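First comes the structure, then the notes that go with it.
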């Protein structure tokens, strides 16, 4: 029966008006003819031909889900959570305790009186914090190419070398390189994979996982000030750096647990590379392949998403004054209240409240759908700015405790919800690039904040103006970020209005067998 049909088809003359010849033409040929007639609506025909509806969760433009990948939501993921907790805690515990290191560095240079010493010493900690974020776009490329495990292990080892060599430095110039550059860059390569790897093991409970990681790391922010003030400081600055380097050596070992579940070679969609760009044919020239590889690792596709651009700009604006209290707090307390011997308690308070905030807001973030999570960051940044302005108004030490408890809660909310928002805006396949570019945009303002505050202190003789001005950027950034969910909602409404109104009619015709001549109703449906 098939051979007869084939013979008739082969013997038929194109353009023949013999009805018997028309009946003997194969269904495939008639379908191809019909498809050519419907060329302007080619994508719709392909949808009907597959006979199935797309039931994948909606993703932002340019974001691809990765062939229905479902994270395990636990299991070995909790080991990864522990390793990520140590990573976040050791890095940001050291950074948040830099106020004590700052005082030790200033004391080390007291024999060389310099009116701008606060400005120069502040650059040591600011460089380290800035490099963590400045290197993030490069870290994204390394993470995509080499994976989370190799990137994090190498980064932690570089940070270990930076802290160890800092113990032998004797000048600010050397500390700029060993602590600011080496430790900062190594921390960046160790830190960012710890954010990305959580998305490989959690999705529904990603906010909780981030909350556990960041809350556990707050224990370091609480314990390290006590360790530095009561135990390490009497040993001197060199021993301090040597002891801190042990934390990063342990991190290099724990990072071996960062086993990715989304391999770099997996393509999320047919014909697409991992980053969402078009795949390069085998016959392409060497130049084209080179350009394709460059486009992959310097992928700026995330910036085509308007909501991501607004969010990234708002966060980068807000962090200009974010790190100022951590660096200059202890010197401010010493000038405002004298030698109270209790100033280190403020770092413990901000670490403890930040841990509570990360657990609390991590769970709350899982309950808030979609991009509306950004409203949590909006509130935290605005309150953070107001609290920064309140610091000079505190006439008693207990007032500072209240202010820094609230600032810790805001810090916990901002840190915990950052990765889930990135996943919501760009999807899991581009989350690494999105986080990397965001942290890179944060680098310059976060680095510039503490030295500017030190310069204002040297000019005015106190920290009042510095803390007042440090509160302005978080408020402005929060206002900018407020519009992200509104823009997202407007874009969704516009996409619904521009949907093809004839789709329902075409599906109805298809169900009657009209769309595919030569096929039965059941065959058309299949």
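Placement of Cβ uses the backbone N, Cα and C atoms for every residue, glycine included.
Per Swiss-Prot, the range carrying the annotation transmembrane segment out of 208-228, 271-291, 502-522 is 208-228. Topological domains recorded in Swiss-Prot put residue 335 on the same membrane side as residue 463.
Annotated by Swiss-Prot as transmembrane segment, the relevant range among 74-94, 95-115 is 74-94. Looking at 37-57, 310-330, the stretch flagged in Swiss-Prot as transmembrane segment turns out to be 310-330. Stretch with the largest number of CB pairs closer than 8 A to the transmembrane segment (122-142), among 157-177, 208-228, 243-263, 435-455, 467-487: 435-455. It is 310-330 that, among the stretches 74-94, 179-199, 310-330, 344-364, 435-455, forms the most Cβ pairs under 8 Å with the transmembrane segment (467-487). Sequence-distant contacts of the transmembrane segment (310-330) (same chain, six or more residues past either end, CB-CB distance under 8 Å): 95-96, 98-100, 102-103, 118, 122, 125-126, 129, 343-344, 346-347, 374, 377, 381, 384-385, 388, 391, 404, 407, 418, 421, 425, 437-438, 441-442, 444-446, 448-450, 453-454, 457, 463, 466-467, 469-474, 476-481, 483-484, 487.
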